[in-house]
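Here is what TrEMBL records for this protein:
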type	residues	note
DOMAIN	27-103	domain 'Cytochrome b5 heme-binding'
REGION	124-163	region 'Disordered'
COMPBIAS	131-160	compositional bias 'Low complexity'
DOMAIN	162-274	domain 'FAD-binding FR-type'
BINDING	Tyr225, Leu240, Lys242, Val249, Ser250, Thr293	FAD binding site
Amino acid sequence: MSGPPFISDMVLNLVNKTMARYEGRLGKSYTLEEISKHNTPDDFWVIVRGKVYDLGDYLMMHPGGPKLLFKHGGKDATEDFEGMFHSRNAKAILEKFWIGKVNMPTASSSSSFLSPNNLNFKSPNNLSFKSPSPKAATTLSTTTLNTTSSNTSTTNAPPSHSKVEKSIILSKVKIHKKSKHTENTYHYQIELPEEHLNLNWISPLSHVSLSKHHDSQDSLDFKSYTPIKQTDDKKYLEFLIKGYDNGNVSKHIHQLSEGDYLSLKGPIETNESFNFGNQKDYLLMVAGGTGITPMIQILYETFYGKNKPNEKLKFILIYSSNSQDEIIYKKELDQMKEEFNDRLFIHYIITQPKSDSGFDEKTMKKGRINQDLILTCLEPIIIKIIPKMITDAMDVLVCGPVQFNNFQSDELLRIGFKSNQIHLLQ
């Protein structure tokens, strides 16, 4: 059994601050017109599944950055929230900020505000997101999961210059290949629908959501996974998926065999606050466990992809694993390091080495990633860029469990990185 969701004291203090404003008024119904007025950083409401949340106090704490939330101020954020995988912790945090519900208009309403062109709230049978303009278009414009006679459904958003094409499909997909990678991690090849082979499945920092497949798609439990690469013929996406005893989706996937089916939703942009193309000198990547997968995706696309998104950027990867045996994709990472040794610097951090056997002191360090260890890994770079400050030379990507991300964020702030340089993926 999994434990209760974790909510930090800092977030709980923000919840208490918010709830103090609604004493005696919780559960009130609000019209769409009323909700639409709450769209500033100091007065920020959103709708998710017909419920109203006041996230003004939480806006700056959002792991994906405030911009990812802010575009939904006073609007319905259901599609983005459901399209982007959110952990149990994230869902529990959202519910803490609940203040009321949406008072749906009657069909006879003559208000121009409630005309179909302006109505953002979605009925249960049609959750198609309506953006007022391309500039305000949602990054995660996803389709809802109502079953039709076909195996694939698609939602198209207005044109955009975002990294990931604004077309999210929901489809029944087949497991083409499955092989064991580590003790509890498997490598999968998932067959893509032929009509969607050319979507941007592996653009840096994109992911998909996977679920067990049912004929009825209602209330599916999706989990986000990062495709590491797409085969040269574009027919298959490759994943590394770790199984967890308390993980409903991963546990189910590990029980499946080649030829079995999953439901796939994507491609979805993982983090809007980070612009990969704008990185100039170095990118620091801090990964814990399966948090390595988006980093591998970026490295594959950078070094082997056809687009070569940033040909001058250098990477420092600090990767934490419980033991030497649990390092995911080590062979491939070492091969990349050898091939691109002037652009890729890897530091393996082992928290609980099984024994000295297989422990390479040249490439591995014992312990946990903290301020001192990060600075030790960065020393060769610091010497190269003097007198420039290390914090001026790079942004940081962090991916791992929620508590890992929060701890690393604090350690990076202590080093001197600014909050807008630290991009958390979770």
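Start at 1 and count along the chain as shown; that gives each residue its number.
Placed from the backbone N, Cα and C atoms, the Cβ positions cover glycine too.
Distribution of TrEMBL features across the structure.
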residue: Tyr225; record: FAD binding site; contacts (Cβ under 8 Å, 6+ apart): His207, Val208, Ser209, Leu210, Phe239, Ile241, Thr293
residue: Leu240; record: FAD binding site; contacts (Cβ under 8 Å, 6+ apart): His181, Thr185, Tyr186, His187, Tyr188, Ile228, Thr290, Thr293, Ile296, Ile328, Tyr329
residue: Lys242; record: FAD binding site; contacts (Cβ under 8 Å, 6+ apart): Asn184, Thr185, Ser250, Gly289, Thr290, Ile328
residue: Val249; record: FAD binding site; contacts (Cβ under 8 Å, 6+ apart): Leu210, Ser211, Lys212, Asp221, Phe222, Lys223
*Looking only at the domain 'Cytochrome b5 heme-binding' (27-103), report the model's average pLDDT.*
84
_Can you tell me whether DSSP puts Lys242 (FAD binding site) in helix, strand or coil?_
strand
_Chain-mates of Tyr225, Leu240, Lys242, Val249, Ser250, Thr293 with C-beta within 8 Å of site centroid, FAD_ = Thr185, Lys223, Phe239, Ile241, Ile253, Thr290
*Maximal Cα-Cα distance (Å) across residues annotated as binding FAD, namely Tyr225, Leu240, Lys242, Val249, Ser250, Thr293*: 17
